[in-house]
Structure formats: structure tokens, C-alpha cells
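> Quick one: the structure is below, and I'll ask about it shortly.
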Amino acid sequence: MRTLRLGTRRSQLAVTQSTLVAEMLRAQGHIVELVEIVSEGDRTQASNTPLTGANSTGVFVSALRDALHAKEIDLAVHSLKDLPTYPEEGIELVAILPREDPRDVIVARDGLTLGELPPGSRVGTGSPRRVAQIKALGLGLEIAGIRGNVDTRIGKVRSGEFDAVVLARAGLARIDRLDEVTEVLDPIQVLPAPGQGALAVECREGDADADVRKILTSLDDAPTRAAVEAERAVLATLEGGCAAPIGTLADVVEGEEGPELWVRAVALSLDGSLSVRLSASGPLDDAVGVGRRLAEEMLAEGAADLTDDPTTDPGQAVMDTGGSPQTAPEQDKVHNA
Ligand SMILES: NCc1[nH]cc(CCC(=O)O)c1CC(=O)O
């Protein structure tokens, strides 16, 4: 039997996630070999791919895709939230694994929660989505960029450089560091990134060896796929006309006629002062439609006007022009946080 070559980045989280998939395949009797791929992102120690901005393929993603194209590997495992919403030619998103808890968490000094941190405390995150949503809580926290892998970031709390950092619970769960968490953030306050907590498996499209595709398809989890497809449709639709940070979460809930999707989403100005927050529900087999319609509704409610101009003072970022959120007729949908 042929060996399946699984490409992985070398960070602890990436190796753990790749090993998880390798073990699932080995449990089915397949032979799997991990192949280490060094990405530009690893070399430069970049730690957060931008969550907004349409054409930025994550640095972590491209190196693995290059290795797939070059037939150096047969499959690659990514954190789904690092994958751009537009497809890559010749690459197929062949499986989405059952999702971990998708919520964001706080790792703070002295076991504190966000609300217990005194005003002026330093919170580390480089994600515009997290920055905007934490600022929107109005706690007077000072938010600063942070780099490095999960271990490095937690270390910066231990060393006192930061009072707290914001991380994905899923990453900590996978590397067995959940005991560091001092608060799990309720999605009512902080919505996660589209696809957060889900692992994606990619292979070459129309791989000459159709068996590879078939083997990998067996890993796919239909409810997770529906949920993340709805979230990614929210992001893809908003990206067309809106550069604002976006959080979204789709839950599979029990509806009147069986399971259905319940999708929440928020788009915010970077300073968190303005937001459009809506939810929608619909059938699992129309996940993309549910997400797209939710995003279209958000655009109609002013999500496209939340853009911060980085050249202006952050406090002045949203201009008060006709049709802007401030003057939109349905002001109740746009909160001054
Ligand atoms: N931004 C990088 C990244 N990409 C995926 C995860 C965590 C694992 C996941 O969301 O599946 C992380 C770390 C973090 O945000 O804390």
C-alpha cells in the first residue's frame, strides 16, 4: 500500500493538528508520513494572518499548497480559519473535521477575567476582530499587538509584558494547555473568526490516485461543514464591500423540522465604536445561502460603512456622511458601544 505524505508546518500547534489527522488515517489502516514544510510565516515569526483584506492568502497556507502542487505531499492540514474564502486552483478542500469549541479565551495574570482587569491593563492580540470586539466592551483596556506562537504569547503574560492575551480555545485544547485559560469569552460579546476551531484537509484536485480523495473524504463531518460553510459565506459576501473586522459563528441547533443552522455575525469599526450585528437561521443544506443572505442584510444595515481609514485618528475613523451608520434609518442595528 502507498504511503500518504502529510505536509505540516513545524509549530507545535501545526504538528499536533497534523498528527491528529495522521492518527485518524492510521486508525483506518493507512500508512501516513509527516513531511515538514517551512513557510514564510514560520520564518518571519508572523503570528496572525489578517482576517480582513480580500487577497491575502495566509502565509502559512501557501507553503503547504505549493508542496501539494509540487507533489511533494498528498495532503495538508490547516486551521480552517487561516484559509482564504476563495478557492485555490488545483486544490480541493476535501474534508472538514469535527469542530472543537470555537470560542475565544482569555489567558490573564492572577486568574483574572476581562471584566476584572483594571482599566489600562495591557491586552495582547494582533487580530482586528478581537481588537474591535474587546474595545466595544468599553472596559478601558489597552490593546497592543503581539507576535509569536501560543506558547510565546502565554509566556508574555507570565513575564508581565502583558496582563492578558486573547487566544482560540481550540488551539489551547489541542496542545493541552486549557488549564491556562482564565475566561472563555461568550460569543454574545466576542464572536470567533469564521471557521475557528475546525481543521481543514486539502489535497490535489482530481488527484490521479482517486483513492487519496476517497480516503480523505471519509474524514469529513457534515454538520461542521455546514456550519463553517455558512460562516465562510458570511465572510466572502462581506469581503466584497466591507473591510471591517468580522466575527461569525454558526451553531447547529434543533429546529421544528430537525437540525438547522443558527448563524450570528458582527462587523465592527476597528475602534469598536460602531457595529452591525445580526443573526439568521436556515436549513443545513442551504448553509451558503443562509450565510450569504445574512451578510447581505448586514450590508443593507451599513456594514460597508464601518471601514476605518487607517490614515485618520482612530477616534474619528467612521465618517459621518449621508448613508453612514450614524444616519441610517435603522439606527438601532448600529450600536455606539
Ligand atoms: N491565528 C492563528 C491561529 N490559527 C488557528 C488558531 C487556533 C486553532 C483554531 O482556531 O482552529 C490560531 C491561534 C489563535 O488564534 O489563538
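Glycine is no exception: its Cβ is also placed from the backbone N, Cα and C atoms.
Caution: TrEMBL annotation is automatic and unverified by curators.
Pulled from TrEMBL, these are the listed features:
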type	residues	note
DOMAIN	4-209	domain 'Porphobilinogen deaminase N-terminal'
DOMAIN	227-299	domain 'Porphobilinogen deaminase C-terminal'
MOD_RES	CYS242	S-(dipyrrolylmethanemethyl)cysteine
REGION	301-337	region 'Disordered'
> What count of other C-beta atoms do you get within 10 angstroms of the C-beta of CYS242 (S-(dipyrrolylmethanemethyl)cysteine), across all chains shown?
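There are 22 such Cβ atoms around CYS242 (S-(dipyrrolylmethanemethyl)cysteine).
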> Per DSSP, what is the residue tally for the domain 'Porphobilinogen deaminase C-terminal' (227-299) in helix, strand and coil?
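Once the DSSP states are binned, the domain 'Porphobilinogen deaminase C-terminal' (227-299) shows 31 helix, 30 strand, 12 coil.
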